[in-house]
Structures are given as structure tokens and as C-alpha cells.
């Protein structure tokens, strides 16, 4: 009996060890995945389409997450081959783009919701937050209202070609700076630095978003004179650009928002930056993208900027939209952001709130349909 039990234990342990060994092998070596209809185009949906590969060994941890997060979309080997070959010339489909713009405007009055204005709020009015409980409020102060524009900063504005620049590590070494700077209007995300990365991301900035949490993360909540000087100098570099501050997304931004308001009042007239403070815009934006089967906890800043750009731009080019930890052109490891310090590990914290692979899948399909140009290869 005892020998029988020992045999059973040994058998179980053997199976466990075998499973672990197989898992290690699957993570280290190339992993062949059964073909799926990832990209809704005939090329990828055809019966003869190639098998898919999660081909980068350095990406093994992301592959493991595929089983934990159903929104994680593997990238096809054929897409990589397509990028490495001479890409087919992208053609703008103006009719499709105008149709999409009309659809967006049916859900979102972009011009009106781009920013609160002095006439749209009153002192003492209580603002709620898009992603927080309705019990949380922010009272509009006289100082806050004084910083609001008289009219929407994008009222009657129209641009031919706009660049929406995300912060993906795929921009590292891309040499896309000159191409981006040729755009008539450049959207950037989350106050991303450009000075040390101009060759890859350009220097031109017409609008950048500024999540209030940036003040805490990079400027120590302006607690010291040095912190305040650093922030002032960063703002001065914007030189007339729009600083788009989504202060009403989360109630946790309230204290930082008040710090920002005090700072801008203190330096009134010393900075050329244009301030824009959107109200509760996300309920409208979310409604549109939900119709496109995109409904994460939070949309990314990049796709939000695309939404805004659709109202004032005749053509939109996307850069830095690639949420994966490897370069599809070289198969080398990538940082999450192009400005991350060398050696910084690719992060997947975004999975808590965003569906970046699903967003990428949608944008890639839009690229194929000619609605927007999605740059995934080097520009020079």
C-alpha cells in the first residue's frame, strides 16, 4: 500500500515537473499559435494566411499575459514581414474619413467640449468627475474661472495634415522627427519631453495633454523653488501651444488642480501657453468608441487625441502607437515610452485600465481603410 502511494506521489511530481519544463520551453522558444482572424482584412482572413508566431523571446512575459488578459492581441508574423518588406503606398480615403468625422460629431461636440469657457461655468458651480463616484465634486473658484478661455481655443480652426504623437518606444531610433514637424498641427500626449529626442519625435508642439498627476510625479507638487522653476521653464518651451488639462477625470486630481491654478494665477502674463480645461467630455467620447467595440475602463490619451483631431484636421497621421515590447521591424526589445531610461523594463500596468492591443487593432484596421496613416516603420 505504501509503495502504491509513493508511486502515485512520484507520478504526480513527474507530471508537475513535465508541465513546468514544457512551459519554460514554450516561453523561451518560438511559439506557434493557431491562425486567428486578428486583422479584419482579406489578406489575414484568407484560408492560406500564414500561421502566427509570438516570435520574440524577450517578449515571453507578454505572451504569458495573453492567457490572463483576453484583450491581449498577439501580433502576426505576417504583419512583421509586411513591415520589413517595402510597404505598399498608403492612400487617404477622404470619403471614409469624412464619414467617420460625422459619426464622431454625432456623439461629441468636440469644439464645445474641448474646454470649459468663462461663459460655460459660474463661480461656485460644482463639477463632477468622469471616472469617480458622483459624490466627489470640485467647486469652481474665481481664480479657476479666470484661467478659462473666452471661447474654445479650436473655434474656427482647421488644419490640413495633423500628427498625433503617442509615446511608444517604437519611436526610438525612428528618425521621424522631420516628418512630424512638417505637419500643420502636432498633438502630443502627457507633456512628453522632446528636447533630447528631436531626431525621432520632432520638436513642434501645438497641443500637449497634461494629466495633473504629472505635477506630482515629475515636479514634486511644486513644493520647492527649484520645482517651480523647473515647471516654469518646461512650460516656457511650449511657446504658445495649448496645454490641455483633464482636471475632471478623477477626484484624486483635485488638490493638484488647485496647486496648478495657484501657479498659473501667480505667473499670469509670464507664459504664452494657452490653457484648456475640458469638462466632462469622456461620456461622449466613450459612447462613440463603444460603438466600435472599444470599451475599456479608460480610453488611452492617444485615441482621445485622435477624436479631438478629427474635428479640426483634414488628414491625421499617427506616430508612436505601438503597445508591445518589441520592435516589429528589428525584433529588438523596446521600452514602453521612448523617453524611458535605458534598461527600463517594458511595463504592463496599463492593463489595469486600458485595452491598448485592442485599440491598436482598431487603429491598424483604420489605417488599412485609409482613414488615418499609422506609422510603424522608420521614417528615414
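Cβ atoms are placed via backbone N, Cα and C, with glycine included.
According to Swiss-Prot, the active site, proton donor/acceptor annotation covers 354, on the basis of similarity to another entry.
Marked as CMP-N-acetyl-beta-neuraminate binding site by Swiss-Prot: 167, 190, 300, 301, 302, 322, 336, 337. The local packing around residue 337 (CMP-N-acetyl-beta-neuraminate binding site), expressed as other Cβ atoms within 10 Å of its Cβ over all shown chains, amounts to 21.
Per Swiss-Prot, the feature disulfide bond maps to 162-313 (among others); the stated evidence is similarity to another entry. The Cβ of residue 313 (disulfide bond) lies under 8 Å from the Cβ of 158, 159, 160, 161, 162, 184, 185, each on the same chain and at least six residues away in sequence.
The Cβ of residue 176 (disulfide bond) has 24 other Cβ atoms within 10 Å, all protein chains considered. The disulfide bond annotation in Swiss-Prot covers 176-379 (among others) and is backed by similarity to another entry.
According to Swiss-Prot, the feature N-linked glycosylation site maps to 93 (among others). A sphere of 10 angstroms centred on the C-beta of residue 93 (N-linked glycosylation site) encloses 16 other C-beta atoms. In three-state terms derived from DSSP, residue 93 (N-linked glycosylation site) belongs to neither a helical nor a strand segment and is classed as coil.
As annotated by Swiss-Prot, N-linked glycosylation site applies to 113 (among others). In the three-state DSSP reading, residue 113 (N-linked glycosylation site) counts as helix.
According to Swiss-Prot, the N-linked glycosylation site annotation covers 206 (among others). According to DSSP, residue 206 (N-linked glycosylation site) is assigned to coil rather than to any helix or strand. All protein chains included, residue 206 (N-linked glycosylation site) registers 19 other Cβ atoms within 10 Å of its own Cβ.
For 1-9, the entry in Swiss-Prot reads topological domain 'Cytoplasmic', with the evidence type sequence analysis.
Annotation source Swiss-Prot lists topological domain 'Lumenal' at 34-380.
The annotation transmembrane segment is assigned in Swiss-Prot to 10-33 on the grounds of sequence analysis.
Neighbour density for residue 162 (disulfide bond): within 10 A of its CB lie 25 other CB atoms from the protein chains shown.
Counting every protein chain shown, the number of other Cβ atoms lying within 10 Å of the Cβ of residue 300 (CMP-N-acetyl-beta-neuraminate binding site) is 20. Local packing around the Cβ, expressed as the count of other Cβ atoms within 10 angstroms, is greatest for 322 among the binding-site residues 322, 336. The Cα atom of residue 93 (N-linked glycosylation site) lies nearest to that of 322, taking the binding-site residues 190, 322, 336, 337 as the candidates. Taking the C-alpha atom of residue 379 (disulfide bond) as reference, the shortest distance to any of the binding-site residues 167, 190, 302, 336 belongs to 167. Comparing Cα positions, residue 336 (CMP-N-acetyl-beta-neuraminate binding site) lies closest to 176 out of the recorded positions 113, 176, 206.
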